[in-house]
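If you check Swiss-Prot, you get these features:
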type: BINDING; residues: ARG22, GLU87, ARG126, LYS460; note: (6S)-5-formyl-5,6,7,8-tetrahydrofolate binding site
type: BINDING; residues: 232-237, 251-257, 276-279; note: GTP binding site
type: BINDING; residues: ASN232, THR251, ILE253, THR256; note: K(+) binding site
type: BINDING; residues: SER236, THR257; note: Mg(2+) binding site
type: DOMAIN; residues: 222-381; note: domain 'TrmE-type G'
Amino acid sequence: MVFDTIAAISTFPGEAGIGIVRLSGDDALEIISKIFKPYKSKDIKKVKSHTLHYGHIVDPETEEVYDEVLVSIMKKPNTYTREDIVEINCHGGIVVTSKILELVLKQGARLAEPGEFTKRAFLNGRIDLSQAEAVIDIIRAKTMLANRYAQKQLVGYVGSKIKEMKDKIMGLLVHLLALIDFPEEDVEELERKEILETAKEIVEDIDKLIASSESGRIIREGLKTAIIGKPNVGKSSLLNALLKENRAIVTDIPGTTRDIIEEYVNVKGIPIKLIDTAGIRDTDELVEKIGVTKSKEVLAEADLILFVLDASRELTKEDYEIFDILTGKNIIFVLNKIDLPKKIDEKELKDLTKDGIIIEVSTVEKIGLEELENTIYNLVFRGDISLREDEIVINSRHKEALINAKKYMESCVEAIEGGYSEDLITIDLNAALDQLGKITGETATEDLINEIFERFCVGK
């Protein structure tokens, strides 16, 4: 494909030690030759690929020196975009990088759209669409675990699994077309049995990938963990203790937290989305009532609940009412304020929690917090919450395409078992291929491709 030459600032626009202005396209070398004065006189267009050159960026019209720089020259096809790429490594900050970018645009480059460098890598065949999405996941990764999964996707783990399934489907199509062209009754019966078995295998393969979508959501968005309890049991104090900073207001006045507070914390590599909720109780105060309603909505969506109880007080009607709405949830009972004289009835608590997980903590004295973090980690990796370290995870877009592909493959299985003609069976197989192609990009629409790359930042 032939594209124009694009340019953008690829680094953070604020104050920094280094800034990078990136160019990609057929005119990248010509443009840099006009504005770059190497320390040792040389034709920058003729230097070896993947080399670094010291010099200055100079306005060719005014001869004003813009900055002292290092210029990276990377020639096609062995580059990120499979086009000629130039990266100008200059001093950081808004002024210098903006002036250099302006000069580059003046020489004929166009300002890149969000994600356009990676989009060109996809359109030029260097990566598939799932790998392009992995670039976004790497940029947005909140923990090393999230980064590790994204890196697996970037090197093609998802694409390779999809290719395996597509190859199997293509094999089935070849067999079916052969049966259509050369029908022999004895051979046909044997072939249809083999085709049926392979079709069922593909359904199982798709199911395995679909099952990993929940892990993918947790890794990308964080384990939704709601901190709940009646007012003034220490929910906000627990949030602050886990964050190791004062994010929520802590007072002795019940009902202080009116809004839902969301923060991310890294618990042993797992991204945890902590949600501090308003204390759940009956109230006539309008604003607090809205907060309680929001808290109940959060409960319905949470992957894990930290139910905070006050060890220095007896269980109350409010505690029991909260217990009643927690059926079917992953719960850790957090017994707070153990630094104070204990008044809670432990036998009553154990009966109520049905031998659930109880962790004793003091957010004031920082007791039990590490045990709580270990418990969350163990819940995740022993399988109580859907996440395994060894699986390939997919995103919601992949899941939708896989669900559709599975539907067509199941229809294919039914058609084979029902003795339908080979022509009808191939329709379902081709439809399944089309859905799988949406994941890696071969059959993705232009609108879908644009939508994905619009999520990128400019310069990537």
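Quick reminder: no glycine exception, Cβ is built from N, Cα and C everywhere.
Distribution of Swiss-Prot features across the structure.
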residue	record	contacts (Cβ under 8 Å, 6+ apart)
ARG22	(6S)-5-formyl-5,6,7,8-tetrahydrofolate binding site	ALA7, ALA8, ILE9, SER10, ILE85, VAL86, GLU87, ILE88, ALA112, PHE117, GLY459
ARG126	(6S)-5-formyl-5,6,7,8-tetrahydrofolate binding site	TYR80, THR81, ARG82
LYS460	(6S)-5-formyl-5,6,7,8-tetrahydrofolate binding site	SER10, PRO114, GLY115, PHE117, THR118, VAL135, ILE139
Inset, instruction - Express the predicted model's confidence over the domain 'TrmE-type G' (222-381) as a mean pLDDT, rounded to an integer. - result: 77
Legend entry - Secondary-structure category, per DSSP, in which LYS460 ((6S)-5-formyl-5,6,7,8-tetrahydrofolate binding site) falls: coil
Inset, instruction - Quick one: of ASN232, SER236, which of the binding-site residues has the smallest count of other CB atoms within 10 A? - result: ASN232
Legend entry - Site of maximum Cβ density within 10 Å, from binding-site residues GLU87, LYS235: LYS235
Inset, instruction - Indicate whether ARG126 ((6S)-5-formyl-5,6,7,8-tetrahydrofolate binding site) is helix, strand or coil by DSSP. - result: coil
Inset, instruction - Please state whether DSSP places ARG22 ((6S)-5-formyl-5,6,7,8-tetrahydrofolate binding site) in a helix, a strand or coil. - result: strand
